[in-house]
Amino acid sequence: MSERKVLNKYIPPDYDPSIRPPKKKKKFQGPNGGKLTVRLMTPFSMRCHTCGEYIYKGKKFNARKEKTGEKYFSIDILRFYIRCTRCAAEITFITDPKHADYAAESGASRNYEPWHEKRLQEYEENELAERNDIPEEDEMEKLEQKTLDTKRQMQISDALDELREKSARRSRVNIDDAIALLKEDAYGSIEEEESKKRKFEEEEIDREAKSLFSSQDGEIIRRLNAETTVEKELPKPIDLVSEKLATSNIPNFQPPKYAKRKMEKKKVLV
């Protein structure tokens with residue numbers, strides 16, 4: 001009994017996958033050859049060419065739909081296949097986006113409808129009127145447009161040349177040289193910042209010194225030189241008192257004997 005899930009497969013040792021190409025699976029297109037089946041109603045009344053059966057508007061069919069490959073601007077034109085209800089002959093009709101309608105293609109012809117013919121005629125007349133209303137371009141306008149186009153083209157070519165020059169310059173530049181230049185720029189900016197900081201600090205010191213060594217009137221107090229200045233000896237307080245007493249006319253209240261003794265002591269000391 002074979003394995004149900006086929007988990008293990010035997011591969012012989014002499015198997016070469018390159019000899020046997022992989023199988024190409026055919027895409028499943030369905031019973032209608034890849035055409036979609038849609039449910040629709042006939043958009044107009046028609047008459048079959050094979051049996052002459054009339055198919056009225058609004059009759060429901062299971063139609064096959066496909067793209068014709070043609071487009072009106074960007075709108076795809078579609079084709080629908082139906083069969084006659086009497087003889088089973090194939091009838092096709094396509095979409096008409098230009099007139100917002102449908103048109104019979106093969107197997108049947110559209111019945112005469114006066115409102116439809118009138119509508120088509122009005123549409124054609126309006127289209128012709130629009131074409132006639134468009135003024136013919138003047139020769140001067142053509143020349144101006146041509147000059148503008150040439151100017152625009154020159155600007156585009158200049159921009160392209162600049163881009164080419166930039167790319168060539170970049171290709172010529174060595175990576176090491178670019179790194180060295182970047183480093184130099186970085187070091188130069190750092191040195192500039194340091195010099196600015198030093199200058200700012202010096203200005204701050206000068207401001208503080210001016211604020212400290214200036215008087216209330218705003219005059220600057222200058223520092224005396226140590227070599228030119230001479231320190232003066234301060235007089236003793238006893239000498240000051242004696243000088244004051246000598247200059248003043250204060251009477252001497254000492255007794256005569258004490259005064260004589262004092263004078264004698266001074267003479268002895270001298």
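Cβ coordinates are placed from backbone N, Cα and C, and glycine is handled just like the others.
Some features that Swiss-Prot has for this protein:
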- 1-32: region 'Disordered' (REGION)
- Cys48, Cys51, Cys84, Cys87: Zn(2+) binding site (BINDING)
- 251-270: region 'Disordered' (REGION)
- 258-270: compositional bias 'Basic residues' (COMPBIAS)
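Other Cβ atoms within 10 Å of the Cβ of Cys48 (Zn(2+) binding site) number 20 in total over all chains.
A Cβ within 8 Å of the Cβ centre of Cys48, Cys51, Cys84, Cys87, the residues given for Zn(2+), is found for these other residues of the same chain: His49, Thr50, Gly52, Glu53, Thr85, Arg86, Ala88, Ala89. Each of the binding-site residues Cys51, Cys84, Cys87 was assessed for Cβ neighbours inside 10 Å, and the highest tally belongs to Cys84.
Under DSSP, Cys48 (Zn(2+) binding site) is assigned to a strand (E or B) in the three-state scheme. A coil conformation is recorded for Cys87 (Zn(2+) binding site) in the three-state DSSP classification, outside any helix or strand.
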